[in-house]
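Taken from Swiss-Prot, the feature active site covers E389, and the record attributes it to sequence analysis. If you look up Swiss-Prot, you'll see H388, H392, H398 marked as Zn(2+) binding site. Annotation source Swiss-Prot lists disulfide bond at C405-C410, C735-C741, C820-C851, C1051-C1082, C1062-C1067, C1162-C1199, C1219-C1259, C1277-C1314, C1281-C1320, C1292-C1304, C1340-C1377, C1351-C1362 (among others). The domain 'Disintegrin' annotation in Swiss-Prot covers 464-546 and is backed by a curator's inference. Look at Swiss-Prot and you will find 708-759 tagged as domain 'TSP type-1 1', backed by sequence analysis. Residues or ranges marked as domain 'TSP type-1 2' in Swiss-Prot (evidence: sequence analysis): 761-802. Positions annotated as domain 'TSP type-1 3' by Swiss-Prot, on the basis of sequence analysis: 804-852. The feature domain 'TSP type-1 4' is assigned by Swiss-Prot to 853-898. Residues or ranges marked as domain 'TSP type-1 6' in Swiss-Prot (evidence: sequence analysis): 955-1000. Residues or ranges marked as domain 'TSP type-1 7' by Swiss-Prot: 1035-1083. Per Swiss-Prot, the feature domain 'TSP type-1 8' maps to 1087-1133. Taken from Swiss-Prot, the feature domain 'TSP type-1 9' applies to 1148-1200, supported by sequence analysis. Residues annotated as domain 'TSP type-1 10' in Swiss-Prot: 1203-1260. Feature annotation from Swiss-Prot assigns domain 'TSP type-1 11' to 1265-1321. The domain 'TSP type-1 12' annotation in Swiss-Prot covers 1324-1378 and rests on sequence analysis. Sequence annotations record features per position, and here Swiss-Prot assigns N-linked glycosylation site to N69, N212 based on sequence analysis. Annotation comment: Swiss-Prot describes 190-197 as motif 'Cysteine switch'. Among the features that Swiss-Prot reports, signal peptide is placed at 1-21.
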Amino acid sequence: MPPFYIVITFLLSTVFRISQSVHHHLNEEELKQVFGVSNKHDVPEYSLIEATRHPLKNGNLKMKFTAWNDTYHLNLRKNSRIVSPHIISVVRHGDDDVTTYAGLRDYEQCHYQGEVKSHGNMKAAISDCGALMGSIVMEDHFLVLQTLPKRVHHLQKERHLVYKRSAGLLTNAESKIREEITRLQEEQESFCDTSEQLDDPAMTIPAHLHFNYTIPTSAQLDSSFIFPNMDPITLEIGLFLDSKLFEHFEREYIQDAEQHLLEFSLALINNVHVLYQQDTLTPNLDIVIVRYEMWRTQPSALSTGVHKNGQAQSLLDAFCRYQAHMNPGTDLTDMNHYDHGVLLTGYDIYHTTTSVAGVAPVARMCDPLFACSLVEGLHLGRSFVLAHEMGHNMGMVHDGVQNQCNKGCCLMSAVNGAGKTTWSDCSVREFNAFLLQLDESGRGNCLRDASPGLISTNHLSDLRLPGQRFTADQQCSYFWGRDYKVEIPNGKAMDDICRILWCGNSGSTISTAHPALEGSWCGANKWCHKGQCTHWTFGLTPVPIDGEWSEWGGAEKGCPIQQCAVSGSITVQGQHRDCVNPAPNNGGKTCEGANIRGIVCGATSSNCLGFTREEFGNKICSSIKYDPHKPDQQLTGEGFEHSTQPCRVWCHLIGSELIRNKGQFPDGTPCGFDAYCVGGQCLALSCDNKALVEQPEDCPRIEGRSVHQWEEWSSWSECSVSCGLGGREVRERKCSSGRKCQGVSEESRPCEGVLRDCEEFGEWKEWGSCSEKCALGVQKRFRPCLTDQCSSKHLQEERPCDNEGCWTNWDEWSSCSQSCGGGRRYRIRKCLDDKCDGDDLEKESCNTQKCISQSWGDWLPCSVSCGIGFQIRERLCDGELCATANKQARTCNQQQCPSAFSLSVWSEWGEWTTCSATCGEGLQSRERSCRRGSCTEDDASQTRRCVNGPCEHSYLTWSEWTTCETCSSFDSRKRIAKCDGTTENCQDKIDEETCDIACLREKHSFGPISPRRPKLITSNDLRKAFGRPLLPIESIHSEKWSEWGPCSVTCGSGRRVRTRGCQEASCPEQHIQTEECNLNSCLELFIWSDWSSCSKSCGQDGIQTRQKLCLFNNAECSSYAESRRCKDLPSCSSISSGRTISENGFDAPRWSEWSSWSACSCFSLTSTRRRFCQVVDPTVQGFCAGAILEQIPCAPGSCSPSAGGWSLWSEWSSCSKDCGDTGHQIRNRMCSEPIPSNRGAYCSGYSFDQRPCVMDNVCSDEKVDGGWTDWTAWSECTDYCRNGHRSRTRFCANPKPSQGGAQCTGSDFELNPCFDPARCHLRDGGWSTWSDWTPCSASCGFGVQTRDRSCSSPEPKGGQSCSGLAHQTSLCDLPACDHESDGEWSAWNEWSGCMGNCGIGTRTRVRACVSPPVSDGGQPCFGRSSEITECRQSPSTALCSSFITSSHLADGYFIDTDQQQ
């Protein structure tokens, strides 16, 4: 299927009748300038106006005009911000000789903003400089004011007009778009490369992660946030032109090369600006030059030694760093700061393909280093390439390759072709997503600042279209090189250049990356217009221009040093001239003669002994085939001698008869008899052996005169026939100084002597067999002689031959070119006779597994607004949180906290009072006292809601027991407690006990019991009653107590019994015991653990914690922890304590102990443990090197969620200040006891705490600023196989800052990936088969059954673990139970009070599955048992922390952060 591209065609419609007709006199450029449209049929409704202006003394302006029978009154104020006076232009001669110019001349402030007083103070922006223009924002449309071109002023008295424009992003005409698919037969080549390997850690990330932002859907593109009204999108650029480009213009323009280069570069930027002002791109982007730098000599950082042709990546890397160094300040600090650096280069940045012409980093705009692009700058068509590369830098990707748009459509297409002058919908979405990312990044969007730019240059001001300024031949020479001109391939016509400009150099035909420029002559009496070859419609038709030669150039360089590369070479100075004085255009005649010649330096005899021509060609072809940077592996490595183009190096292609031009022989290389190479052409030695020319007219002048003399006649040629009659001989002579010698230059005569009769032969016979079975042999064939005399050598022919099977065995495969993401490897074999069929090189794909891309996210905001806090960031692997080493933390210090003496200092909170209600909902309170400062009374106490268990139902007294007829345990008695009717849903209570207990109750005064009669008890009955065999009478003695029997009730206080047997005569006093059991409330679903040991051994800061443990896996119970201060601890003054100092002599941060391993995750099949970096001394910057967590594979035993629990607090750090001010102490804990697993809840509350500390000593005047220690050794690699990293740190302790000295600047932590395939024998895990389903947990009603599998077939070893669930649970399909009761939710409780920090918080409400509860196999309640919503506190009750800007609440408790000093 041939490639295709999309041509966007606008189907335009006229929506109103225009009363005025002045627009019919405007050309297309004027229509665009005035109305923003290209077609006269699309002109909007407008009115010609006469604007009256009244300047005021304060510099403001009043203006009035009438349009559509309505008068508009405007009050305007000067806007002096749109132009900066600090523009800089630079001409550089190397590093030391620099000329700098500053400022704009003759600039006046003539731009205004204001309101339309006559129309509801609608906003207006008006400019009244050389021309009046501006806009008025009405409610449902815009009014746009414009000045008419001077060319049509004579047609009417009005000089201005105003027209209406829809407020939509697209006009009605623009919204009617049709896509037409046009197929192309031409080959399309990539013209763009994106930088992926710049020498910077951030640039080693694969390209598809360079732009880690979300691309919005088209439905989101009208967001007022993405397109804010009046919010400028301006790209300020620094434009750099390298010395190679300057050399090109110095060759082309003998005089004023700098001026020509300036005009050309500004024209190119002007074209780019037009592309970014298209209606297909929203919002439009203004491009302004704030720095212009021309290098007549290359800076040392970008000298030729640093790079060479074909090294685009290294050149871009060097330039990006150079322009970043030259870029002053920031957008906020320096008005000469630019957003993006552009290098227009004269180098061929990719020598393996002439199509690739630009390269830029992806999504790095506003980056301080890599907001830059590199583009070949020899042709105006590079404006398309530069716009494309700038698009990459602003987040756009290739259409059809990395998004869903057509790959052949628009400016972000990755291939060459015509019609690519618009932006696709995908590019618009990507551009706006990148703008949104910059807006939300927190670093600022450098594109949203107003431009202080250079005055724009309109290169159409002389009314010449680009194609009239630069002919089609000049466009080819700028694009491909000096020798390239328009060359139409077979099957094409001249008018095709308007769609694709074809260029050639008498070799292979090449298509350029753009159509011919607007106004280019395309044959007959036609010119290019909008991609079509049409008649001229822009006024006077251009007249034909005949070409004339420029002067010969190159003489000023002198003769080169002789280079003996090819044997027999002579020293030649090449000279060149161009047909550009003027260039032929519009069908005019081209120059006659050659454009190149060579001046012989010295003698024509040569003693050079170098390579043969064959050896030199082979050397060039082989070096290009095996180039380490850009190899051309289609070449065989062998050269080819071309008979008609002997001065070009041609190389064979593998597996075909094709050849490819890969260079040329050096000037002076012999290419025939008395002929030598100059600039890739073979020229004859002439002009008295003084020059190499194509014709005598090109000989250099000798002292101002020409010599017109014939050279000697050549020898007679051989006869034109070898036998028979009719042959002739020829001889020639040449005019030494041109074509003005008298006489003829050629003579001929009949052949002298008698020729023999011609031989006649029969047909050739078939070729014989090859003389060798393997390797080179010979084949012969014969033919008969049909005359009397035939030479024997004419009767036989030989040719070389070989047979198949002469290959050596294949070599081993080479190493793969990539470690992941798809690479290539190859192997070779050799042919024993150099004539084998087949390829000597074989390639295949390798390492196709996906690369794991990793990137650290931004640091989260500091945890505190003042003092020492923490910041956290996460590491993403392929867009998801990495499995290991996925978090980092560091200390942060936003600003110093206010002095403790200016704050209110409170004592610790007292204990919470007992709940005011014993059941249901009540209140608790606690108090604290003011220690220092201006405390407010309202902050001295807190109240919170408390909820105890549900209130018990009210019952009447118990009834009498029923009667026991025996004392057997097989009989029982009952009693009933009736409800008193005061509560709802109350059911009668029934109490039951066995009669043996009743008898004991009577015997031991438990209560009366009725008379009983004997009952026969068999041994079987006893065995059932006591659960053991009946013993003989003689063996009955006192026995051990039996196990306790079951409790009489499951909750609400019951009793249980145990017994022991004995002989009647020796029975102890008691052989039956009872006790209470199941004392918990019937609604209790949890129990509290014991209080932990105190976190401190002395003082008042000790903390004890306990956990709430759920008794059942029920939605109504959620685990959490609570803490309290330890009591009765001794004073720390009696206990000596000291802080351990590290061997370095300072308190370095240190790792905490590892936590316990988490429960095995059913999702990742791993168990995790973690630790945290404990800050001992806040004044010592630094971090802990090594992994913050570890993971091991595991097989889960259960998939039940496990909520996390806090570890104990670490010890308080030392004070962050050592003198004279209030500092802070910090401590840490982590959610690791246990670590949450299987999607269990994370801990609520802070993982860190801080309190103020006051240093009484006064700082001395001798401040000590901090200094860095050496970097620590790299930590061990966390995983040599997957996502491995190692880290190192350094400390601000050499010396440690003291006496108010400054902290160290720079990074205190470094992280590097590590990977060692030698240590990995990677093996991905595989699931075992599922086990059988377990029996159902119930026989009726609600029951479940489970099954499981393990990641053991095989177990993972460094590779991927199994994905999916290891356990499955399913509901059983059971019949209903006889008396089952499904659970139902109770009504929601009232919302709790609002709890939060600084007026913003949350409130909760709960419900329980008790209306009714589940019983006898019924279904449980499904859904949430609690809800949380945001709320706002009234100003009178809102509480704010002094040191922390946001609070996390844990189950209604305020986290106490304002500790005592």
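All positions are counted from 1 along the displayed chain.
Glycine residues also receive a Cβ, built from the backbone N, Cα and C atoms like all the rest.
Overlay of Swiss-Prot annotations on the structure.
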residue : record                      : Cβ contacts under 8 Å, 6 or more apart
N69     : N-linked glycosylation site : none
C405    : disulfide bond              : D399, S424, D425, C426, S427
C1199   : disulfide bond              : C1162, N1238, L1365, A1366, H1367, T1369
C1277   : disulfide bond              : G1284, H1285, R1286, C1314, D1316
C1292   : disulfide bond              : T1179, V1180, Q1181, G1182, G1266, G1267, W1268, T1269, Q1303, C1304, D1308
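Per-stretch counts of Cβ pairs under 8 Å to the domain 'TSP type-1 3' (804-852) identify 1265-1321 as the leading one among 464-546, 955-1000, 1203-1260, 1265-1321, 1324-1378. For C1351 (disulfide bond), the count of additional Cβ atoms within 10 Å of its Cβ stands at 23 [all protein chains shown]. Considering only the binding-site residues H388, H392, H398, the Cβ with the fewest other Cβ atoms within 10 Å is that of H398. Among the recorded positions listed (H388, E389, H392, H398), H398 has its Cα nearest to the Cα of C1362 (disulfide bond).
When Cβ atoms from all protein chains are considered, those within 10 Å of C1219 (disulfide bond) total 15, not counting its own. When pLDDT values are averaged over the domain 'TSP type-1 10' (1203-1260), the model yields 83. Ranking the disulfide-bonded residues C820, C1259, C1304, C1314 by C-beta neighbours within 10 Å puts C1304 at the top.
Fewest other C-beta atoms within 10 Å: among the disulfide-bonded residues C1162, C1340, that description fits C1340. A Cα-Cα distance of 53 Å separates C1340 (disulfide bond) from C851 (disulfide bond). Cβ neighbour counts within 10 Å, taken over all protein chains shown, single out C410 as the most crowded of the disulfide-bonded residues C410, C735, C1281, C1362, C1377. Taking the C-alpha positions, the distance from H398 (Zn(2+) binding site) to C410 (disulfide bond) comes to 10 Å. DSSP assigns C735 (disulfide bond) to a strand segment in the three-state reduction.
The Cα of H388 (Zn(2+) binding site) lies closest to that of C1320, out of the disulfide-bonded residues C735, C1219, C1320, C1351, C1377. When secondary structure is read from DSSP and collapsed to three states, H392 (Zn(2+) binding site) falls in the helix class.
Within the set of disulfide-bonded residues C410, C851, C1281, C1320, C1351, the entry lying nearest in space to E389 (active site) is C410 (CA atoms).
Ranked by Cα separation from C851 (disulfide bond), the disulfide-bonded residues C410, C1219, C1281, C1351 are led by C1281. Sorting the domain 'TSP type-1 6' (955-1000) by DSSP state (H, G, I as helix; E, B as strand; all else coil) yields 6 helix, 18 strand, 22 coil.
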